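Taken verbatim from TrEMBL:
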DOMAIN    A:92-292  domain 'ABC transmembrane type-1'
TRANSMEM  A:6-24  transmembrane segment
TRANSMEM  A:92-116  transmembrane segment
TRANSMEM  A:137-155  transmembrane segment
TRANSMEM  A:167-188  transmembrane segment
TRANSMEM  A:225-249  transmembrane segment
TRANSMEM  A:269-291  transmembrane segment
Amino acid sequence: MLAAGAVFVMWAVATLTFFAIRLIPGDPAEAILGGPGSQASQEALDQVRRDYGLDQPLLVQYLAMLARLVTGDLGTSYALRTPVADLLGGQLGGTMLLAVLALLVAWILALGLSLWSTGRARVAAAVGEGIELTAAALPHFWLAAVLIAIFSTGLDWFPPIATGTPAGLVLPVATLAIPLAGFLAQVMRESLLDALQQPFVVSARARGENTTGLRLRHTIRHASLPAISLSGWALGWLLSGAVVVETIFAMPGLGRTLLQAVTLRDVPVVTGVVLLVALVYVVMTVVTDVASRLADPRLRQEGAR
Amino acid sequence: MSELELRQTTVEASAEHLGPRRRRMPRAGTVLAVAFVAFLAVATVAPSLVWTQDPNRIAAADAFESPSLAHWFGTDESGRDVYSRVIAGTASSLLIGVSATLIGLALGLVLGVLASFGGRVLDFGVGRVIEVLFAFPGLLLALLVIVVAGPGPVTATIAVGLSTAPGYARIIRGQLVGIRSSHYVEAARVLGHSPGRILARHLLPNALVPLFVLATLGVGQAIVWAAALSYLGLGAQPPAAEWGAMLAAGRTYLPTAPWLTVFPGLMIVGTTIATTMLGRALTRRGREGR
Amino acid sequence: MPLLDVAGLRVAFGDHEVVHGISLRIRPGECVAIVGESGSGKSVTARALLGMAGAGARTRSDRLRVLGRELGSASERTWRDVRGRQVGLILQDALVSLDPLRPIGREIDDPLRIHERMPPAARRARVLGLLARVGMPDPEFAAGRRSGELSGGLRQRALIASALALDPPLVIADEPTTALDVSVQARILSLLDEIREAGTGILLISHDLAVVSRLADRILVTRHGEVIEDGTADDVLRSPREPYTRALIAAVPTERPRGTALAVATSAPAAIPGPPPTGVPIATGSDAPERPPLLRFDRVAKGFSVPGGRLLAVDDVSLALRPGETLGLVGESGSGKTTVARLALGLTAPDSGVVLLDGEAWSSRPERERRPMRRRIGAIYQDALSSFDPRWSVGRILADAASVGARGTGRPAPRVEDLLDQVGLVASVARRRPLNLSGGQRQRVAIARALAAEPDVLICDEPVSALDVTIQAQILDLLDRLQRRRGLAMLFISHDLGVVRHMSDHVAVMRAGRIVESGGTEAVFAEPRHPYTAQLVADAPRLTP
């Protein structure tokens, strides 16, 4: 059931992207040869049209694209003239590493903050709430600049551009993780507060459980549930954020490639990145769905009802 | 889930957990948020009231001055006063943010109403459309729109509006379905009221207030996204005093003149925080039974 | 030595004291009950006895001894040692009182892990033994389930097992059977009785005198945080001294025939102002069977799709409701009662069979034609608050409903003040919002709304289940009075046998979508023919001094 939904979404994304791209004014063949100003010869244009299958009817092109997609062929870049799959394949790893690290860091920050700030005096709660609110409002592009200004230019702790070393990853990961941690902490704190008000907390305390045991054995699970189900959304959000972060930190990756392709209108590359991100998002949604069900038996029952 | 839905749920939840204490007293944060939004409103309508000098006055001798009493936010590479430029940029930044929100809200409303009133088939169809649009996370849908329509402030606005629409649609659908299946609508049906009267007296009024809260929350998000596009060079272009564009222009001078980056960004952060707090305050007031 | 010896217990939140000096003692094998309505401070008392009155609570006492140890100024650490080891706590509704994310075996294991140094295998054996002791079928299997995966009765047993894990000499049971079906309730009460027989002291907290009367040796009646009556169960139930206690007892509708007022003004003397003497038949009731039914179900069936087939919520149900008569529909949760209400209200269409209103087609009509007829059927629900538009004031709610009646008949719309007056509310209530009213007031507004359109039939779906017993009594009296005055036909749906018996001329017993027995109320209850009815009657809690 989940898999069928995922396949449907992927098909729809591919279809939507394919036809959206056809809305671009101008001749794709000209775009391939460097845009309208390039004054390419008629023979060259015809050649390109044949190479890229642009002389075929739209429906044939569409079906051909679907057929290619099934085999993992994403077409050829207009600008670089290399297969898109090869181009992106080399960059997926770096971007995924960045996103997954950021997700982990965000989880840890959020859990720490929400555990620290809930069930305490009003001051701590207000401070916690303020930190979350501010963190969630930070735009990546600005946070990155501020972090660079402080930790590179000012303190010289970390390099301002990605160097491929672990130190070079610190600022990009922090840039992505901090706002996400703000969002996750808000959700976690609310469900923590909810959980603390539940009668089962009274039961547990009445058995002699202390505060630490209560948190470790009871409330932390409840706090984690919504954050687990949010992780699919979070990863997609991080991949979108990677566009900005990779650009600022001059990191090779899907995001920067996408931005360059958007600026150059390199349609196959844009399509390829969009499909790849959609695939990651869809897979992650399925994974978090399954994870939520594993963690929360109530969801399993709802599904069966 | 979308960023907007996340903001909305946390707002609902925080209103719930705040409890009844200090009922009639507005919280300090709310007061600050209202004050900030009022300041933005003045800066939009009559920027000359709040800026300290003409934002376009070039004075090469004053270039790259750090923040001081004369230039609160410092000066840029042409010696222009950054504070005045930030004020001058308020109108266009807010205009983009608000327009994008309205576009997203309008589209979301259409989709949400279709899904909740159009019967099972439409509900299913709209549900799938929303699901597919969610597979373009964050800015991705906006980037796709820009590939098709080309860069620029107008496209960026539409792009942001489009990419926030699925979030609105899902929330609005949820709210409408919730109200429609509520016991009080059922009670009105049992009394024999017509669907039109139920729509006018129960559904619309009850859906409107949350919609307003939603728009308040959405503005913050839209401003950030639009600024991100400007920053990437796909929205408003640098000579314009739009906040994202100012940030982009300041990027080159980050090591030597960080204030060019810090202050326009602070305005974006401040706006987002203020609108979120406003949304929370509105929700809270709704909860407490007015 | 008493297990628990408390004197002058006071609990305050800030400046607001909610428990004003409660004293009680419990000996081994004794069950002491604290009875009171909401706001009587009984639950706070229970928690204060475990040192858990809550954040911001100040607890003071002249004496607070558990097993002879004074705990009045005990540290949290000392309290933790008491909890679970010396005093166990059983709360209402194990669905939320056991962690829904943990297997119940782990929950029951908690006290063992916290208080005892036992090898895991021994703990496991102990957990299984406990589950067996509380009557859990297949303990091995159950230990791995979470509370949501068990039925209401079984998970309540698991909760009891977790409180009994270390065999604490004293158990505090706070509303242990509330929200359970009567048959399940009866079995849980016998389980608690067994525990008491085994020598455990029980402090039973309940709003329900009938439940308490089954178990308690002593009864403390509380009101507004004070004990107003304290005596042996016999004394309190048979010869209550306080007017409030008398009112509480009078309010229990069990076996009180139709037409007897339940509510007693608490200041009134002993005699209950019950107009018609016991057992007088109601003129409009069963002695006029020849009158055609106003509402008729003819072999109605309604199913819902569930994974793996179709669940028949209502299965071949035939009912007839005559003018001026009350038909009681009684059944446990999931028996299909509410579906019957929705079918009667024309909110859902039957799969087969028909519902007729005054001899005319009702369920089979298109909604457009049904709409003008709707004012003839009114409804009140269990949760009155959610049936009001949160934005509307009481006045607007009533005026809106009154306009419907006026539209249908050409009569002038009844005035809001008159509507409020007939349900015993003052006119100033019109300006308020339902959110700011008490539960009883909300239900009165709901009744006023239902009657504003001047219906012939009133559908009441669990109208008093969420109310305190004295408020319940007032609402039942009000419904009874209004019905007589207006000659309404009433379909009265409830899980509470006592309430149905008190209100109905005829009764239908529903189980798993089918009517298993129906007939005149007294006939059905006095001599049930169907074994299920007999079991229900046997399980129903009643005052047994």
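A Cβ is built for glycine as well, from the same backbone N, Cα and C atoms used for every other residue.
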Stretch among A:6-24, A:137-155, A:225-249 sharing the most Cβ pairs under 8 Å with the transmembrane segment (A:167-188): A:225-249
Proximity verdict for the transmembrane segment (A:225-249) and the transmembrane segment (A:92-116), three or more C-beta pairs under 8 Å: yes
Selected stretch (most C-beta pairs under 8 A with the transmembrane segment (A:6-24)) from A:92-116, A:137-155, A:269-291: A:269-291
Cβ contacts under 8 Å made by the transmembrane segment (A:137-155) with residues that lie 6+ beyond its boundaries: 170-172, 174-176, 178-179, 182, 241, 244-245, 248-249
